[in-house]
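Quick notes on the structure that follows.
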Amino acid sequence: MQGPWVLLLLGLRLQLSLSVIPVEEENPAFWNKKAAEALDAAKKLQPIQTSAKNLIIFLGDGMGVPTVTATRILKGQLEGHLGPETPLAMDRFPYMALSKTYSVDRQVPDSASTATAYLCGVKTNYKTIGLSAAARFDQCNTTFGNEVFSVMYRAKKAGKSVGVVTTTRVQHASPSGTYVHTVNRNWYGDADMPASALREGCKDIATQLISNMDINVILGGGRKYMFPAGTPDPEYPNDANETGTRLDGRNLVQEWLSKHQGSQYVWNREQLIQKAQDPSVTYLMGLFEPVDTKFDIQRDPLMDPSLKDMTETAVKVLSRNPKGFYLFVEGGRIDRGHHLGTAYLALTEAVMFDLAIERASQLTSERDTLTIVTADHSHVFSFGGYTLRGTSIFGLAPLNALDGKPYTSILYGNGPGYVGTGERPNVTAAESSGSSYRRQAAVPVKSETHGGEDVAIFARGPQAHLVHGVQEQNYIAHVMASAGCLEPYTDCGLAPPADESQTTTTTRQTTITTTTTTTTTTTTPVHNSARSLGPATAPLALALLAGMLMLLLGAPAES
């Protein structure tokens, strides 16, 4: 388990539940000053009206607005703050909008149809990727003639380098939206396809990964779909469940290597770091697990690269092209954590996702790089219960429910955490802070479902001001194509970005910055605590604190 996550388990549970707030926050002048600073920055904000040399899209799979907020709290607390006041890297982007995520045939979408929207610019049907809505799920013969092409494909045609980074398998729905055309998102390898589809000429996703376009950087999981059936996995050579799956006998990794000069294949972090430093490498494939990568808290830091590591490597390799690059980066395990009902896994993945955004922002300039952060869909995830500011996002509500038992702030509308017809468990703070704890859910389903509400879009860089209002999800692809002067916007009329050497002093002037409150030594306890009240009300405050301590120690508090 990683060091910061150990800190989370051991440090947040007690200290933040009895946290103190800065005394200056009791003074209206504090809030007026913060608002005035934000207002002044907004007034000075000027759109960058040039074209974008580089295009980056960060996709937080399942990262709805409630997940963004909860991630902000968690990341802030990991950094030693109370939580909600501390901005995420994506929060610092100056432009934002809402995205309507429905697909052509579903009010609540999946990651395949949404990927087609934000990557290709066209909405489509559930479980299909890279095809128009004229195609039908699982019907191979509806593929041909209904293909739509991603902005990444158009960027490659324009001479840019392109890359895909994900914490899922690289053949999964979201990353494959950059290169695939398939009526079934689950056709990862040829062994996953029916014989009829193969006879009709449909290709599995792994085959299309290496044949549909020349992708310079491919980093994620998905080794088993690239090698002949029975091929031992290099990391798990004695595990028969992790061997290659291909029935056609093809070694797709070797085929990919033979196509490109300056190409390298790696399968662990050490190899990745080594090849990233080699200036002769212009094509890099790294597959770090047989299927999806491990959750970040379960990752071996010596063997398994983090999303931040992969993002940094991709930016460095792709930046070797003077014509620029297009990069897709997915925090794909956020979604899996939610499906399992394990909010701890989802939110710690989201923290790592934000760290990757932060690193990419450090490695690029907003003068020539349009960066967009968004989600494909939300989840039926929520948090509430009037928790005190500074308490762990994984903790309990301060008062019990009507059945006299405590409940967690985070809950799911449906999921595997449904408690059945019996009594609710008497959950403790220690249990609810565990990485494998499944949150209680209102409706029993094997896998918690997606949510249908709008998701956020954050943007910085050239043409980022086009991200505004409430938009259809496919609008995102059009913003990126237009900013990069790519098809169908090759006559965009935009000047190229200014030479970086002339703009280094103004690189970040257009970003609205949010001042992080620094807690001083002069502090006041949370409102209604004993030290913040006079003698007459002190007993009430002490009772509240005692109740919080009881919750932390696992005893039910009186409601």
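The backbone N, Cα and C atoms fix where each Cβ goes, glycine too.
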- Query: Swiss-Prot records Asp61, Asp376, His377 as Zn(2+) 1-binding residues. Which of Ser99, Ser103, Ser111, Ser409 is assigned to the same site?
  - Reply: Ser111
- Note: Swiss-Prot has Asp335, His339 binding Zn(2+) 2, and from His450, His465 that site also includes His450
- Query: In Swiss-Prot, Glu235, Phe288, Glu289 are given as binding Ca(2+), so which of Asp248, Asp300, Asp304, Asp309 is in that site too?
  - Reply: Asp304
- For the disulfide involving Cys485, grab the partner from Cys202, Cys492 as Swiss-Prot records it. Cys492
- Task: Quick one: of the binding-site residues Ser111, Ser174, Asp304, Asp376, His377, which has its CA closest to the CA of Asn241 (N-linked glycosylation site)?
- Result: Asp304
- Note on the structure: With Asp61 (Zn(2+) 1 binding site) as reference and a Cα-Cα limit of 10 Å, the qualifying recorded positions from Ser174, Phe288, Asn426 are Ser174
- Within 10 Å of each Cβ, count the other Cβ atoms and name the one among the binding-site residues His339, His377, His450 with the highest count. His377
- Out of Ser111, Asn141, Ser174, Asn241, Asn426, which of the recorded positions is least crowded by other Cβ atoms within 10 Å? Asn241
- Task: State which of the following binding-site residues has the fewest other Cβ atoms within 10 Å around its Cβ: Glu289, Glu330.
- Result: Glu289
